[in-house]
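Only one structure is covered here, and it is reproduced in the block below.
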Amino acid sequence: MSGFPILSLMLAIPAVAAIACLFAGDKMARLIALGATLVTFVLGCVMWAQFDIGGPQWQFTERADLFGRFSWALGIDGMALMLIMLSVFLMPLCILASWDAIKSRVGLYMAMFLVMETIMIGVFCAQDLLLFYIFFEAGLIPMYFIIGIWGGANRKYAAYKFFLYTLLGSVLMLIAMIAMIAEAGTTDIPTLLNYDFPIEMQTWLWLAFFASLAVKMPMWPVHTWLPDAHVQAPTAGSMILAGVLLKLGAYGFIRFMMPMFPDASAQLMWIVFGLSMVAVVYTSLVALVQSDMKKLIAYSSVAHMAIVTAGLFAFNQQGIEGALIIMLSHGVVSAALFFCVGVIYDRLHTREIDRYGGLAVNMPAYAIFFMLFTMASIGLPGTSGFVGEFLSLAGIYEASSWVAFVCTTGIILGAAYMLYLYRRVVFGELTKDDVKAMPDLNPREWAVLAPLAAVALWMGVYPESFLAPMRGDVTTVVARLAPAKPAGDARLAAGKPQPAKAQGDTAHGSSHAGGVQ
Amino acid sequence: MTADLALIWPELILTIGGLITLMLGTFLGDRQVGIYQLSALLTLAAAAAAVVALFGVNATVFSGTLSVDGFGGFAKLLIYAASFICILIAPRFFTGGMRAEYPTLILFAALGMGIMASSRDLMTLYVGLELNSLAAYVLASFMRTDERSTEAGLKYFVLGALASGMLLYGISLLYGFTGTTDFSGIAARMGGEMNIGLIFGIVFVLAGLGFKISAVPFHMWTPDVYEGAPTPVTTFFASAPKVAAMALMTRVVIDAMGPAVGAWQQIIIFLALASIILGAVGAIGQKNIKRLLAYSSINNVGFMLIGLAAGTQAGVEGVLTYLLVYVVTTIGAFLVVLQLRDADGNYIESIPALAGLSQRRPGLAAAMAVFLFSLAGIPPLFGFWPKYLVFEAAVNANLLPLAIAGIVASVIGAFYYIAIIKTMYFDDKSDTEIPVGGGAIVEDAVITASALWLSVIGYLFIPMLAVVSASAAAVLF
């Protein structure tokens, strides 16, 4: 298996299928897209099964010097593995989610989603800085089309804003990458991860990366493109945007900024903490007053991502592992929530919260699923959200109790806006006639929601399946950050180990210790 | 002397072939399109073959006034290829109005451009430039009865003559203060103490050349001429002369003014930034696709100048790669414009009329989208790569502020490219019908090939491009 280019194959299948979709009829295009994404998902599962936890850091590596100045270098570690799994898991569901909703230019639509899948897998497995940048930027093009062609009323504005906002951020990162390549003399990411850049250079490299990744993340105050993009994008577009594209920013933080510029990360962590604190509270409050469901969930995404950034910059094992679990959990849960919105949007063609109410009566299955994902978003124990938030807040507390305090209010506010949303949409009197006429979930919608629910519960009950592959990589990052790590305000003091008293002296007292002997 | 003649085969072939084409046109009449077209195309192919045959030669001929080297060879191949396509696409556009002057003028223009690209003396520089320009003025007003075409020719001529005057004045100053017109002689003198006369000379020469590459603030003619000239001629203006003028500018800056970095670098930096920003901002309000592409070419010239401003071999390699990718993209984009005809066969140039093109002509719209994203430099399209090279050269030459300013301004440029894509893909169908154009297999083939190359496939050519551009650029250092 080691010599088999499974990553290249996973990149090629959606790409080839995308071309096929362009020339296929509507029905055929849907089938091709579903088939290709399912095959890619199966390949992803095979890869996960083959992944050697505790083995070498980089596995499934491939290298071909195709481009002279940089190479087709692929390979994954545990973090990349889990994010690729997230992408390939969500993709077939996205295709299913748009099965009936998309009626015009189906071939082009499916092609764009498949291209998107190739690009997302590519971003996570690229082991060459320039290859990474190409994949990273390439995501703009299909998303521009997805929002612009199949989006809502104000789609053109949203598409522009999405494209230009994220492009402006990324170009600065390109300049930083050029400087890094010149300094280190290589584009190889594993080598760069262990290269010590001069401290004064780190600072501005960090800032340039931050400019790009903070927009992708998105962090307050450069998050304004996200609500627009989400509201206007078609359901599956929102699913993939929230599910995977928002993870690119955090992935960039942990893959590049923290291990490559540890000193600058330590120096400038106050920026991240400060912005995260503002974001958690501010965007949660904004979410509370939204009347548009998608906008509400979009703002909640910004708040969740803020906890991710704070968790990452806690610089300790719990914080980073927690942040990674939030990323995975949010990927599943927010995609599911956007789909839940999509389900009722397809029936009534409005996202106004006030137009609904009482859905529990005529759509009980829907109400249960929606409830589950609402709880997962809030972070109820037993769901995926809890694991991530608990771990990352524990990690943040060690770094700074104030940040932990503020971030925790975000969870309370999160409960407030999500439950408020749920109450208004699902509970109450079923008075509106058009809402009464809405049928419950059909088999296709079951097929999308059931796997998402299963994964959200699995991650909540047994997160070790997801943490185990990533643990070693997190340890590596933490070790890399250790020399630069500032002292937290938690004043952790390890208990002083005391030599056990000689047994003979306190023969009587030893009964205190119960069955220790 | 005879030995020298053996080294200028490409120029000789073009001269003789041009004269033969002229005679064919004169004696057989303008109706024998096939014959004089064929003669012109064969001439260009033969000239290109001669350039390839001379690959690896590095010599100067005619007492050091002209150099035969890889740098000139690279530029000439590009020029000949662009001219080839511009001749190929003409008959369908002009239909009844096709005359033998068109291929003849292009051949002579190509000859002039070849001389520009390989000149290493101020005199040959001027001769080549004027030969090209005179042919170009006539080409711009090729449609004699068309008001816009005539206006374009006149405008081009008046402003071109002014620029030539400036250039000539600069040349006279350089000659006066260095006592030579030879590039290496000037460079030797530049290495010493600078004086105000020399600086004025540099400024005027660069201003004159800036006009030819349409760098801001010498760009005013570009949108009008591009809009007014017949589309095949505009395709030509946007491709081949840009290569020649950029190659010439590079040669003058590196070869003749090389030692006086402080004097020319700031001029180039100014031209680069002004072109990028004005090229981007000026394009935003445009409603005519040819005008818009004119601004796009101004914008792209700015990026090339960033590579030149670095003044290093890597920078020149970036410029050469940029030229190649730019020529392919521009020709592709103009060929798409050539395909846009309504049901009556009238050419469509207004951007709003492109609305819904993706539903009427999905292939054409997709190709145009590739060209536009590539011009904007968005990866994974190949237009990203030359931009990367010039920025890398600038960063490595310690021109970090220039690189940052340039790359941020490139986002403004992206705005109008994606605006056209918006029109083609997002807007509802316009009233203008754009039926499938028949009988243009050549155009379709060129569009398809260039769009495919500019999509990810181009990246596979990077190693080859790197070798070729490195050997070409090495000549100047």
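In case you wondered, yes, glycine gets a Cβ from its N, Cα and C as well.
TrEMBL lists B:119-413 with the feature domain 'NADH:quinone oxidoreductase/Mrp antiporter transmembrane'.
Long-range Cβ contacts of the transmembrane segment (B:6-28) within its own chain (Cβ-Cβ under 8 Å, at least 6 residues beyond either end) map to 35-36, 39-40, 42-44, 46-48, 50-51, 53-54, 57, 59, 61, 66, 68, 76, 80, 99-101, 103-104, 107-108, 110-111, 114-115. Residues annotated as transmembrane segment in TrEMBL: B:6-28 (among others).
According to TrEMBL, the feature transmembrane segment maps to B:35-57 (among others).
Among the features that TrEMBL reports, transmembrane segment is placed at B:77-95 (among others). Counting residues 6+ beyond its ends, the transmembrane segment (B:77-95) has Cβ neighbours under 8 Å at 10, 33, 37, 40-41, 44-45, 47-48, 51-52, 102-103, 106-107, 109-110, 113-114, 117, 142-143, 230-233, 235-236, 239-240, 243-244, 323-324, 327, 331, 335, 338, 439-440, 442-443, 446 in the same chain.
The transmembrane segment annotation in TrEMBL covers B:102-119 (among others).
Residues annotated as transmembrane segment in TrEMBL: B:125-144 (among others). Residues 94, 97, 99, 101-102, 105-106, 108-109, 111-117, 119, 150, 152-154, 156-157, 160, 164, 167-168, 171, 212, 225, 228-230, 233, 236-237, 241, 244-245, 248, 252 of the same chain, all 6+ positions outside the transmembrane segment (B:125-144), place their C-beta atoms under 8 angstroms from a C-beta of that stretch.
The transmembrane segment feature in TrEMBL is assigned to B:156-177 (among others).
Residues 129, 133, 155-156, 159-160, 162-164, 166-171, 173-174, 176-178, 189-190, 241-242, 245-246, 248-249, 252-253, 257, 260, 263-264, 267-268, 271-272, 274-275, 277-279, 294, 297-298, 301-302, 304-305 of the same chain lie 6+ residues outside the transmembrane segment (B:197-221) yet bring a C-beta within less than 8 angstroms of a C-beta in it. The transmembrane segment annotation in TrEMBL covers B:197-221 (among others).
Taken from TrEMBL, the feature transmembrane segment applies to B:233-254 (among others). If one looks beyond the transmembrane segment (B:233-254) by at least 6 residues along the same chain, the residues whose Cβ comes under 8 Å of a Cβ in the stretch are 71-72, 74-75, 78-79, 82-83, 85-86, 89, 106, 109-110, 112-114, 116-117, 119-120, 125, 128-129, 132, 136, 139-140, 142, 183, 205-206, 209-210, 212-214, 225-227, 264, 268, 290, 293-294, 297, 301, 304, 308, 311, 316, 319, 323, 326-327, 330-331, 334-335, 338, 476-477.
If you look up TrEMBL, you'll see B:266-285 (among others) marked as transmembrane segment. Long-range neighbours of the transmembrane segment (B:266-285) within the same chain, counting only residues 6 or more positions beyond its ends whose Cβ lies under 8 Å from a Cβ of the stretch, are 202-203, 206, 210, 215-217, 219, 223, 253, 292, 295-303, 305-306, 308-309, 399, 402, 405-406, 409-410, 412-413, 415-416, 419.
What TrEMBL lists as transmembrane segment is B:319-338 (among others). Under 8 Å from some Cβ of the transmembrane segment (B:319-338) lie the Cβ atoms of residues 71, 74-75, 78, 81-82, 85-86, 89, 92-93, 231-232, 234-235, 238-240, 242-243, 246-247, 250, 289-290, 293, 297, 300, 303-304, 307-308, 347, 349, 364, 367-368, 370-372, 374-375, 382-383, 385-387, 389-390, 443, 446-447, 450-451, 453-454, 458, 465, 469, 472-473, all in the same chain and six or more residues away from its ends.
Annotated transmembrane segment per TrEMBL: B:397-419 (among others), in sequence order.
Through the fold, the transmembrane segment (B:451-476) approaches residues 58, 69-71, 73-74, 250-251, 254-255, 313, 316-317, 320-321, 324-325, 328-329, 332, 366-367, 370-371, 374, 380-383, 385 of its own chain, all at least 6 residues removed from its boundaries and within a Cβ separation under 8 Å. As annotated by TrEMBL, transmembrane segment applies to B:451-476 (among others).
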Close approaches to the transmembrane segment (B:397-419) from elsewhere in its chain (Cβ under 8 angstroms; 6 or more beyond its ends): 269, 272-273, 276-277, 279-281, 283-284, 286, 292, 295-296, 299, 302-303, 306, 309-312, 315, 372-373, 375-378, 387, 391
